[in-house]
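Single-structure report; data block below.
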Amino acid sequence: MAFRKQKHTNIHGIEKYFIYFILLQPALDVLAYFSIPLSTILRGLVMVAGAGYILRLPDRPGNKAALIYLIILGMFMTAHLATNYMVKEPFSMSLELTYSIKTVFFMVMLLVYMFVLPSFSKYKYWQKRIQSVVWINMIFIAVIMLLASMTKSGFRSYGALAKEGHSGWFYSGNELSVILGMGFSIIILYMLQQRSPRMKMLLWPAMGLIMWAMLTVGTKVSFGSVLIVLVTSISVFMLKAIYNKKNWSNVVILAVLLAVTIVITPITPIGNNLDLAFGTTIANQDRSSEDADTAGGKQTTQTLLSGRKDFLNDIMEQYREAPVSQKLFGMGIGGNYAIKPKLIEMDFLDWYFNFGLIGFFLLIVPLILIGYRILVNVCTYHLKTLNVPIILTGVSVALGFGSAFTAGHVLSSPAVSIYLAVFIGYLFALAKQPVA
């Protein structure tokens, strides 16, 4: 009995470290930007620790299934690498292994937080703690971007000189956009759940800084996330205010944030980039300027879309010509490339071609089962209530998966995928709790 109690105590201690690990993410990414490889080492160690955590779990629903899944996934990845080693030419073990580990990282951390967060939900004020962690991370990112702007040392989001925007001291504008987009929904939730008007006022400058950062990145993902989250939040809090016949202050706050976003967009990097993409709308422009802008807009759009479409066609042709072993176990990163590997930048399609039919099945099934379980719990416990945390956390998860499907750089990018894993686990924990 004493041994079992000690084991439970140790498990809870380990779970707290996984919560603290979330706080390290922005710092790890900044270190990676400055070529300090601590992030790769630490995330690799945490992934191994996560597998060990699942192995040591006491009897909890799903822990045996999770362990069996990880064993099968490990066996598949071994077969995947062996197949491509024998068939693929050229073959780079370092590239193939890195891509496989990055993908496995998401699956391991997803399972870890599927156990950690429901367990953590037994603590008092657990939601506030999780939201605080996300808030701290988003503020850290925004401050880094501000410092980079002030020193003019930010990493450009685009190679094209005509496009504006930077990602601060973070390597990828696309990845940072998804992180900020998913986190913004939790930020809104954290701010509006503050009961003290004074606390809300104190959080306003930080909220403004985060929104500025999202517009400064200059990508459509971050800009679209701001609009989607604000419009959804306004709708939810308006319905809640109508139902309760009180508390319209949150609706007013959100409406002000949306109005400010729309007003300042033309003077931000994303405003400049949207003009490039869609052409100018000023009616009294001279004809030559209009033609130049239209041509530039078409060229930018075509460049963005044609490259992805061409590569998709190429890799589909490679897949048709690939041996049965590669159809089942995948063609590896970039398919059967001739010179340099390249991704489609649509994560689910990349999964299918890179890991094959068996690999795609192994990677997608847990997501479907978890989604089904969340949906069942929501229908069982929360269907008759307007649960704001569930809705806004669901928006975060939807933005993560939406970005993975349309823009990539999510499911096989540890810097981003860990946030998606956390938010899925958080949503699962919220949905699992009956209404008090």
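Using N, Cα and C of the backbone, Cβ positions are placed for all residues, glycine too.
Summarising the annotation, TrEMBL assigns transmembrane segment to 30-55 (among others).
Summarising the annotation, TrEMBL assigns transmembrane segment to 67-87 (among others). Sequence-distant contacts of the transmembrane segment (67-87) (same chain, at least 6 residues past either end, Cβ-Cβ under 8 Å): 51, 54-55, 93, 96-97, 100, 104, 107-108, 111, 323, 325-326, 329-332, 355-356, 358-359, 362, 366.
Look at TrEMBL and you will find 99-120 (among others) tagged as transmembrane segment. Long-range neighbours of the transmembrane segment (99-120) within the same chain, counting only residues 6 or more positions beyond its ends whose Cβ lies under 8 Å from a Cβ of the stretch, are 11-12, 15-16, 18-19, 43-44, 46-47, 50-51, 53-54, 57, 60, 62-63, 66, 69-70, 73-74, 77, 80-81, 126, 129-130, 332-333, 351, 354-355, 363, 366, 370, 411-414, 417-418, 420-422, 424-426, 428-429, 432.
What TrEMBL lists as transmembrane segment is 132-150 (among others).
Residues or ranges marked as transmembrane segment by TrEMBL: 170-192 (among others).
The annotation transmembrane segment is assigned in TrEMBL to 199-215 (among others). Sequence-distant contacts of the transmembrane segment (199-215) (same chain, at least 6 residues past either end, Cβ-Cβ under 8 Å): 135, 138-139, 141-143, 145-146, 168, 177, 180-181, 184, 187, 190-192, 222-223, 225-226, 253, 257, 260-261, 264-265, 268-271.
As annotated by TrEMBL, transmembrane segment applies to 221-239 (among others).
The annotation transmembrane segment is assigned in TrEMBL to 251-271 (among others).
Note on the transmembrane segment (351-374): residues 69, 72-73, 76, 80, 99, 103, 107, 110-111, 114, 315-316, 318-319, 326-335, 343-344, 411-412, 424, 427-428, 431 of its chain, located 6 or more positions outside it, place their CB under 8 angstroms from a CB of the stretch. What TrEMBL lists as transmembrane segment is 351-374 (among others).
Marked as transmembrane segment by TrEMBL: 386-405 (among others).
The transmembrane segment annotation in TrEMBL covers 411-431 (among others).
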Recorded stretch that, among 30-55, 132-150, 221-239, 251-271, 411-431, has the most CB pairs under 8 Å to the transmembrane segment (386-405): 411-431
For the transmembrane segment (132-150): best-contacting stretch of 30-55, 170-192, 221-239, 251-271, 411-431, by Cβ pairs under 8 Å: 170-192
Folded-back contacts onto the transmembrane segment (30-55), same chain, C-beta under 8 angstroms, at least six residues removed: 11, 14-15, 18, 21, 24, 63, 66-67, 70, 101, 104-105, 108-109, 111-112, 115, 144, 155, 169-171, 414-415, 418
Contact ranking winner - 221-239, 251-271, 411-431 against the transmembrane segment (170-192), Cβ under 8 Å: 221-239
